[in-house]
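For reference, TrEMBL has these:
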- 12-33: transmembrane segment (TRANSMEM)
- 69-87: transmembrane segment (TRANSMEM)
- 99-118: transmembrane segment (TRANSMEM)
- 155-175: transmembrane segment (TRANSMEM)
- 210-229: transmembrane segment (TRANSMEM)
- 262-281: transmembrane segment (TRANSMEM)
- 321-343: transmembrane segment (TRANSMEM)
- 350-369: transmembrane segment (TRANSMEM)
- 389-409: transmembrane segment (TRANSMEM)
- 421-440: transmembrane segment (TRANSMEM)
Amino acid sequence: MQKMGKQKNKTASFSFWNWVIASIIFRLILIYFPKNLNLASRPEVSTPLTSFRRLAEGYWLKQLSMSPYAGSMYHGSPLLLSLLGPLTVKRIEGQPNHLLYSLVSVIADVVSAILIRATGKNLRLAYLRSLESLDIVKQTKASGEFFKILSPGDAAALIYLWNPFTIVACVGLSTSPIENMAVILCLYGACSRLVPLAAFGWVIATHLSLYPAILIIPVIFLLGCGPDAPPRKLFLQKNDKEEVLNKSKLPLGFSWRPITHFAFWALLWSAYVLVLCGISLKQFGGLWEMFKSTYGFILTVEDLSPNIGVLWYFFAEVFDFFRNFFLIVFHVNILFMIMPLAIRLNHRPCFLAFVYIAIFSMLKSYPSVGDSALYLGLLGWFVNELADIQFSFFLFCGYVGVSLLSPVMHTLWIWRGTGNANFYFATAMVYACLQIILVVEGVSAMLNHDRKLRNLTTSKPQDAKS
């Protein structure tokens, strides 16, 4: 039996790496396509914060000894200018333009998939240990809880790699793969208890996009309590039922020591990033210029060019007198959801991170398909727990429909002149509704899964067998 298990693991690992290599080859084929299918100009792929063209513009201005934020074109990190800027001008004779930059995006996607897979394995091991502590492993096997074709880590990694949104963001020369890699690095470090790595990922992700700052709550839960597990009260009920307090079967209590280490490393990495940014912008206004042109640009929603979000249309229609009020409403709306979800899902920090990422991907100022690719990939971690999610077929068809209709509506509006902004905004509204349904039904399915575990824990062994 052990030999059979090892052979299955080797076969699954071999097939996983085959799919990874195939995804790399597929990306390279699309990169060598004429003009990369012109994806870099699509508003669903490139935003004012992730656009390759704006990155090249900022680097060009910096090379001319001008502020990269002059002209209101570039609004990204000055570190990206230093790292990726040179790749926007380098050419290899006989090769597609921006090949080196595209290769960086491909590497970022592969690294992200590997980190997703490793984190999924850690989550799975922690989950199995929790089920063994509750003595309900056999019952969950009987009820089909295990994903038998691929492990959740492999499934999540392959979903991320082969998601059309991920591929489009990579081939479309967006900086989203870099941002996603920083978020995944943060979650991997926290799940593996690698505090410096978790702090580095969180600082870089927040520096690049601001919204990942709210991920500090699931990171704290991961470092303080460990990976996702059933609610702690189930373990206490199990011990009360046995009338013997077995501390070895209880989950670890909250520990503040790794939290203090995380705070120290976060402050250290933040200071290091700010020093590097200050040196890079020493001649162009310093850090204040960066804060105003990056985070200020995100919070004030200055650019109203169309995207797959809903804020551009709303602020194009609202009166200027009410603009500041609704800016506060939209941004505080994200903050209002943080604490209730944290209280309800504190025992599942990785799932909480998935919910947070889905929420700010929907409500952020300048969303793109690269943001959706991230949370859809992380959804693969919970293929067992969310097996009973409702409207899954409807959601799948909805995402496919929006992906096809959005470019059509944009073309009818901008290029053909046979439509108007309402055509394109309608697809953005449907897209937002689909994300809302996914979050609501996902949370509901996870809570139902916890109720099933509670019923298995409190029921008698005879009942579980029957």
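Each residue, glycine too, has its Cβ placed from N, Cα and C.
By the Cβ criterion (distance under 8 Å, sequence gap of 6 or more), the transmembrane segment (262-281) is not counted as touching the transmembrane segment (350-369), fewer than 3 such pairs being found. Only residues 6 or more beyond the boundaries of the transmembrane segment (389-409), in the same chain, are considered here, and those with a CB under 8 A from a CB of the stretch are 42, 44, 164-165, 308, 369, 419, 423-424, 426-428, 430-431, 434, 437-438, 441-442, 444-445. Nonlocal intrachain contacts for the transmembrane segment (421-440), taken as residues 6+ away from its ends with a CB within less than 8 angstroms of a stretch CB, comprise 306-310, 313, 316, 355, 358-359, 361-362, 372, 391, 394-395, 398-399, 401-402, 405-406, 409-410, 412-413.
Listed by sequence, the residues of this chain that lie at least six past the ends of the transmembrane segment (210-229) yet keep a Cβ under 8 A from its Cβ atoms are 122-123, 126-127, 130, 179, 182-183, 186-187, 190-191, 193, 195, 198, 202, 251-256, 258-259, 262, 294-295, 298-299, 334-335, 338, 342, 346-353, 356-357, 360, 364.
Long-range contacts of the transmembrane segment (69-87) within the same chain: residues 48-50, 54-59, 61-62, 98, 100-101, 104, 175, 178, 207-208, 273, 276-277, 280-281, 284-285, 289-290, 293-294, 297-298, 302-303, each at least 6 residues beyond the stretch ends and with a Cβ under 8 Å from a Cβ of the stretch.
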